[in-house]
Amino acid sequence: MTKYIFVTGGVVSSLGKGITAASLGRLLKNRGLNVTIQKFDPYINVDPGTMSPYQHGEVFVTDDGAETDLDLGHYERFIDINLNKYSNVTTGKIYSAVIRKERRGDYLGGTVQVIPHITNEIKERVFRAGRETNADVVITEIGGTVGDIESLPFLEAIRQIKSDVGRENVMYIHCTLVPYIKAAGEMKTKPTQHSVKELRSLGIQPNVIVVRTEMPMPQEMKEKIALFCDIDPKAVIEARDADTLYAVPLMLQEQKLDQIVCEHLRLNCREADMTEWKALVEKVRNLSKTTKIALVGKYVELPDAYISVVEALRHAGYAFDTDIDIQWINAEHVTRDNVADLLKDADGILVPGGFGDRGVEGKIEAIRYAREQRVPFLGICLGMQLASIEFARHVVGLSGAHSSEFDPNTPHPIIDLLPEQKDVEDLGGTLRLGLYPCKLQEGTLAYAAYGDEVIYERHRHRYEFNNQYRPIMEEHGFVFSGTSPDGRLVEVIELKDHPWFVAAQFHPEFTSRPTRPQPLFREFVRASLKE
């Protein structure tokens, strides 16, 4: 029988529900259980694919091409599993599915209502996650905060699941905040009490309360929360701010969260062996070297927009006992005149993906600097396209070379729409998305990084290198080191006369893991260390 764990949040958003869910997933996996995990987002967008990163942070892409919440990146990195389109569900997806069924006549003329039709659709997404993966445990994080009107159908659905599958097969974990009032020198439990009261008014009694706090919580405070919220004092789990995200599973294990979960759900399984994870955390806390990586992007005020890139850099750093000092460079501020000053301290330069023309010329200047000054460079998606444009303009001499995305009238469309995208009108869900094969050329930096001829990476793009320009670019030392197996699509480019200059059309950051760094990031950091 599959077991179901629901993680909710109260008091404020951004409490770390996703990290809590991911950490618990890691602990249960290390107990020998087959775990899957999903995120329910209460917004009406079908997916975050067309949302601004300022609104939502990074869009994380799964193997099967779903554009999803950034929490799925945490889930994959912590639990070391590959998720799919069933792992991110939004209100928009639920209502779209129900309306489609109504139009098809599936409800036989009945009145379609939030209960039971919307809630049944939500429950089906929970059960499907377990069926598709044969999971022992399905962990579902409910986005938003208890009390928000948007979350109500999701909370009602997870309340009903207890009756559907039996209370011994369902567990509710509620994440709250105990704020520290500096002026009074006190921590306050009242917001937690009210949040749990709100949850209980909706018919959900939490089994565990995970409390975010800046300061250590005295035992009597845990007992007070337990008394007012009607749970065992041992089930009040303190989640203090950690020096590294990867320490959170160990913090939760110390307080026996995984044991509490297994006892409640009647799961007979071994103790979690966290030896390798402890070694990782020990390594992260004692890095002896530092390298400076300039990340040149347009959303640098919000690091969450590049969270998988940042984590992939850190993972690569761990492999070399190196702390990555990221220098956030706003591409809009980069010009020909100031680029040397802005990037003079960088040991490596990275230009990540993005959409829209804001900051494009600044990124091109940063790429030119990396090429001319022989600074290790990694370009991702748009970064690869702009590296091609920079080379075409300044080495090949194709004046006005650009992407037709930014300049439809460019005389040299180095980057152009994929042929299959020419007649596409909708923006949402229509990109080239998900895992595709790439064939690497022997003797190249990319081949050296992967050590394999055919690799698989995740994509999210609509534009592609224009093959008409391949011959002239190659004549000038531009290397097409990776293509689709049929040779039609350019996937990886590099430069002949440069120590380490590689750019990929795909998104390598999505497949990096803390104990298994992604090959391009690993070699980029190695080159940046000047070893």
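Backbone N, Cα and C define each Cβ position, glycine as well.
Some features that Swiss-Prot has for this protein:
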REGION    1-267  region 'Amidoligase domain'
BINDING   Ser13, Asp148, Ile149, Glu150, Lys188, Thr189, Lys190, Pro191, Thr192, Gln193, Lys224  CTP binding site
BINDING   Ser13, Lys188, Thr189, Lys190, Pro191, Thr192, Gln193, Lys224  UTP binding site
BINDING   Ser14, Leu15, Gly16, Lys17, Gly18, Ile19, Asp71, Arg240, Asp241, Ala242  ATP binding site
BINDING   Tyr54, Gly354, Leu382, Gly383, Met384, Gln385, Glu405, Arg462  L-glutamine binding site
BINDING   Asp71, Glu141  Mg(2+) binding site
DOMAIN    292-531  domain 'Glutamine amidotransferase type-1'
ACT_SITE  Cys381  active site, nucleophile
ACT_SITE  His507  active site
ACT_SITE  Glu509  active site
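Structural mapping of features recorded in Swiss-Prot.
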residue : record                   : Cβ neighbours (10 Å)
Ser14   : ATP binding site         : 11
Asp71   : ATP binding site         : 24
Glu141  : Mg(2+) binding site      : 26
Ile149  : CTP binding site         : 8
Thr189  : UTP binding site         : 20
Asp241  : ATP binding site         : 9
Gly354  : L-glutamine binding site : 22
Leu382  : L-glutamine binding site : 26
Gly383  : L-glutamine binding site : 25
Arg462  : L-glutamine binding site : 16
All-chain count of other Cβ atoms within 10 Å of Met384 (L-glutamine binding site): 27
CTP binding residues Ser13, Asp148, Ile149, Glu150, Lys188, Thr189, Lys190, Pro191, Thr192, Gln193, Lys224: largest Cα-Cα distance, in Å and rounded to whole number: 30
Fewest Cβ neighbours within 10 Å, where candidates are the binding-site residues Ser13, Thr192, Gln193, Gln385: Ser13
Most crowded position, judged by CB atoms within 10 A, among Glu405, Glu509 as recorded positions: Glu509
Of Gly16, Pro191 (the binding-site residues), the residue whose Cβ has the fewest other Cβ atoms within 10 Å: Pro191
Diameter of the L-glutamine binding set by C-alpha atoms, the set being Tyr54, Gly354, Leu382, Gly383, Met384, Gln385, Glu405, Arg462, in angstrom: 23
Cα-nearest neighbour of Ser13 (CTP binding site) within the listed recorded positions, Asp71, Cys381, His507: Asp71
Cβ atoms near Lys190 (CTP binding site) (within 10 Å, other residues, all chains): 11
Cβ neighbour count within 10 Å of Lys224 (CTP binding site): 17
Candidate recorded positions Lys188, Gly354, Cys381, pick with smallest Cα gap to Glu509 (active site): Cys381
Cβ contacts of Lys188 (CTP binding site) (under 8 Å, same chain, 6 or more positions away): Val178, Pro179, Tyr180, Ile181
Closest of Tyr54, Asp71, Glu141, Asp241, Cys381 to Thr189 (UTP binding site), Cα positions, recorded positions only: Asp241
